[in-house]
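Colleague: Structure in structure tokens, see below.
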Amino acid sequence: MKLSLLASVALVPFVSAHYFFDVLVIDGKETRSNEFVRSNTRPAKYNPTKWKNIRDDMTPDMPDFRCNKGAFTFAGQTGTAEVKAGSKLAMKLAVGATMQHPGPALVYMSKAPSSAKTYEGDGDWFKIHEEGVCNKNADFTKDAWCTWDKDRIEFTIPADLPDGEYLIRPEHIGLHGAHDGQAEFYYTCAQVKVVGGGTGTPGPTIKFPGGYKKDDPSFNFSLWNGYKDYPMPGPTVWTGGSGSGSSSYSKVANVTSSDESSQSGASSSQGTVSTCPNKYNRRHARQFKP
């Protein structure tokens with residue numbers, strides 16, 4: 001036990017440069033590590049997925065890009081959390097890490113045909129949340145981004161979402177190397193059963209793999225020459241009601257705050273904009289160089 005704790009503590013500096021999600025938070029209550037979140041089989045669980053300088057023989061063009069490498073092998077032993085439509089959730093990073101790469105966060109969902117435990121994620125995915133830049137007057141390579149130094153992605157289950165079992169796929173994209181084709185993807189899947197929902201038709205939808213392309217501007221974006229609007233990847237956020245079919249790419253979105261406020265938000269979940277102050281105590285890590 002003591003050795004395991006020491007190993008976890010030793011990981012903290014590194015995984016704040018590289019990291020992974022392992023805890024589902026439901027209405028402010030943290031669940032156990034991997035209780036409802038699928039693990040993966042990567043030798044180093046915190047390694048990102050990339051198109052260039054590939055790690056663990058894993059790219060965004062592979063089926064495992066849905067939930068991470070080998071994640072489906074853990075599906076049967078992973079629990080399925082019951083959550084109410086309209087409830088506030090979060091996906092938290094493991095071992096005290098924080099997101100210390102500049103870039104956006106997105107959250108997707110996909111409905112299982114029956115049980116989430118037997119679903120590989122090969123169906124349609126729709127986006128329920130995204131957040132980009134919260135303060136365009138801050139350092140565009142660091143704390144201009146809403147996710148900077150946070151330990152979780154917070155989002156809301158759409159109130160109009162039909163009941164059923166779903167996969168939730170949180171994703172953080174590190175853009176520090178995107179100018180060189182080295183965008184880094186950090187993601188996983190949680191298993192949930194939605195209750196008390198509505199009759200909406202989620203959309204637009206994409207597939208994983210296939211929804212992201214190597215030459216998409218979102219993944220070849222340079223943040224090293226000052227602020228510029230960032231083109232959000234994927235479809236637009238579903239806010240309830242009827243979706244609009246499939247989509248392979250979203251519109252170019254201005255996701256910045258206003259000039260008047262350094263803390264105005266750019267977080268979109270169910271069509272709302274919220275502030276994103278740093279609310280949690282963080283452990284800082286050494287600077288990562290790609």
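Glycine residues also receive a Cβ, built from the backbone N, Cα and C atoms like all the rest.
I grabbed these lines from Swiss-Prot:
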- HIS18, HIS101, TYR187: Cu(2+) binding site (BINDING)
- HIS176: O2 binding site (BINDING)
- 245-275: compositional bias 'Low complexity' (COMPBIAS)
- 280-290: compositional bias 'Basic residues' (COMPBIAS)
- CYS67-CYS189: disulfide bond (DISULFID)
- ASN220: N-linked glycosylation site (CARBOHYD)
- ASN254: N-linked glycosylation site (CARBOHYD)
- 240-290: region 'Disordered' (REGION)
- 1-17: signal peptide (SIGNAL)
Colleague: List, in sequence order, the residues of the same chain other than HIS18, HIS101, TYR187 whose Cβ lies within 8 Å of the centroid of the Cβ atoms of the recorded Cu(2+) site.
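Modeller: Leaving out the recorded residues gives TYR19, PHE20, TYR46, PRO48, MET99, HIS172, ILE173, GLY174, GLU184, PHE185, TYR186.
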Colleague: For ASN220 (N-linked glycosylation site), just give me the three-state DSSP call.
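Modeller: ASN220 (N-linked glycosylation site) sits in coil per DSSP, no helix or strand.
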Colleague: These are the binding-site residues: HIS18, HIS101, HIS176. Which one scores highest on other Cβ atoms within 10 Å?
Modeller: HIS101
Colleague: Which of the binding-site residues listed here (HIS18, HIS101, HIS176, TYR187) have a Cα atom within 10 Å of the Cα of CYS67 (disulfide bond)?
Modeller: TYR187
Colleague: Just name the most isolated of the disulfide-bonded residues CYS67, CYS189, going by other Cβ atoms within 10 Å of its Cβ.
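Modeller: Comparing Cβ neighbour counts within 10 Å for the disulfide-bonded residues CYS67, CYS189 gives CYS67.
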Colleague: Which residues in the same chain, at least 6 apart in sequence, have a Cβ under 8 Å from the Cβ of TYR187 (Cu(2+) binding site)?
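Modeller: Listed in sequence order: PHE21, THR49, PHE65, CYS67, ASN68, ARG169, PRO170, GLU171, HIS172.
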Colleague: If you run the three-state DSSP split on TYR187 (Cu(2+) binding site), which class comes out?
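Modeller: TYR187 (Cu(2+) binding site) sits in a strand per DSSP.
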Colleague: Of all the recorded positions given, namely HIS18, HIS176, CYS189, which is spatially nearest to ASN220 (N-linked glycosylation site) at the Cα level?
Modeller: HIS176
Colleague: Where the distance is taken from Cα to Cα, which of the binding-site residues HIS18, HIS101, HIS176 turns out closest to CYS189 (disulfide bond)?
Modeller: HIS18
